[in-house]
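A.B. asks: Below you will find the structure I want to go over with you.
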Amino acid sequence: MQTIDVLIVGGGVIGTSCAYELSQYKLKVALLEKNAFLGCETSQANSGVIHSGIDPNPNKLTAKYNILGRKIWIEDWFKKLIFPRKKIATLIVAFNNEEKLQLNLLKERGIKNSIPVENIQILDQQQTLLQEPFINPNVVASLKVEGSWLIDPLIATKCLALASLQNNVAIYSNKKVTKIEIDSDDDFLVFINNETTPQFKTKKLIDAAGHYADWLAETTQVDNFKQTTRKGQYLVLKNQNNLKINTIIFMVPTIHGKGVVVAEMLDGNILVGPNAVEGIEKNKTRSIDLDSINQIKTIGKKMVPSLQFENSIYSFAGSRAIDIETNDFVIRTAKSNPNFIILGGMKSPGLTSSPAIAKRAVELLNLKLKKKINWNPNYNLSWI
């Protein structure tokens, strides 16, 4: 049995962000991932957007950590972790007067969420069509917001993991946590893959287990928060007709459900989606269904009529973990054990927020931290 100072359960972008943040300290840190590869659940199956902060309710943790996380990505992590990315504006489009009114509310929300006034403007129909010539000409107005970035979330997760590995964080795949017990010394004894004896012992545990974060806390008997699922499906189109998309195009989120985008990916293909389907069984959140594909096509065509869905090359699905009580991030110590750190409810903008969430998780560990003299935070995956 290995004794670890801090054990992280979950190898998505949240877990690997925690590993990277902890890698700078003189600690024995390990990360456990149940799958063969890191980041192959929620972290892989999302839009890959570092959000500007236009959408979250200012009173929610999602807004707070969106602002903080985006700042860390741009001002710190992007300088140390080199992988493909593109700075891009967001364009939220309105097709009637009711939606146009929502643009003003979104603008006010964005300003409350610390978006600079000069980075957010309402465009009339003509200005919108100049910005996006291929957009539906029935558009009446749009809200343009500067400051988003497109990244590949799977490559970002990989870069965080490799940077952590080079600083002696241990990362294990195919290690499914099946039971956690607490011994008489208040250590967590972690059982893997239904084995009868524990493989790891730790004083501090970070629960970054995505959809199963609530199960992990419950099975450890430290907390009873509950999550549900919100599945989203995407279509990826081969851009064979030189369709130029200059921004990340959204429908008005307060009416149509946040998250549906038409955007040009880093590889030049066109991403359309996701839709939102509530309450799917956790083990079925990656499934593809025809109803969702048709819904995505309808919304995509409304935004950009010249989208050629016959050029679809693949579809994928993923799901956001939703905290049932708050519909917000859950970032705190467990109710009955301060050494168990819960990072739950990791819906959008989880990717954007991940650096700030990781820093908060380290604070919640309440450890006396000593920095490594030879910490190397830099890693380059630009060749991918």
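Just so you know, glycine gets a Cβ as well, placed from its N, Cα and C.
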A.B. asks: Please identify which of I14, I67, I331 is recorded by Swiss-Prot as part of the FAD site containing E33, T42, S43, S47, G48, V49, V177, M346, K347, T352.
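C.D. replies: Given E33, T42, S43, S47, G48, V49, V177, M346, K347, T352 bind FAD in Swiss-Prot, the matching entry from I14, I67, I331 is I14.
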A.B. asks: Among the recorded positions listed here (I14, C18, V49, M346), identify the one with the smallest other-Cβ count within 10 Å.
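C.D. replies: Fewest other Cβ atoms within 10 Å, among the recorded positions I14, C18, V49, M346, is found for V49.
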A.B. asks: Between the recorded positions C18, R320, S348, which lies closest to V49 (FAD binding site), Cα to Cα?
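C.D. replies: In terms of Cα distance, V49 (FAD binding site) lies closest to S348.
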A.B. asks: Could you work out which of the binding-site residues (S47, T352) has its C-beta surrounded by the smallest number of other C-beta atoms within 10 A?
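C.D. replies: Ranked by other Cβ atoms within 10 Å, the binding-site residues S47, T352 bottom out at S47.
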A.B. asks: For R320 (sn-glycerol 3-phosphate binding site), which DSSP three-state class applies?
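C.D. replies: Assignment for R320 (sn-glycerol 3-phosphate binding site) reads strand.
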A.B. asks: Among all the protein chains here, how many other CB atoms are within 10 A of the CB of T42 (FAD binding site)?
C.D. replies: 27
A.B. asks: If you measure every Cα to Cα pair among I14, E33, T42, S43, S47, G48, V49, V177, M346, K347, T352, the residues listed for FAD, what is the largest value in Å?
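C.D. replies: Site span for FAD, by Cα atoms: 30 Å.
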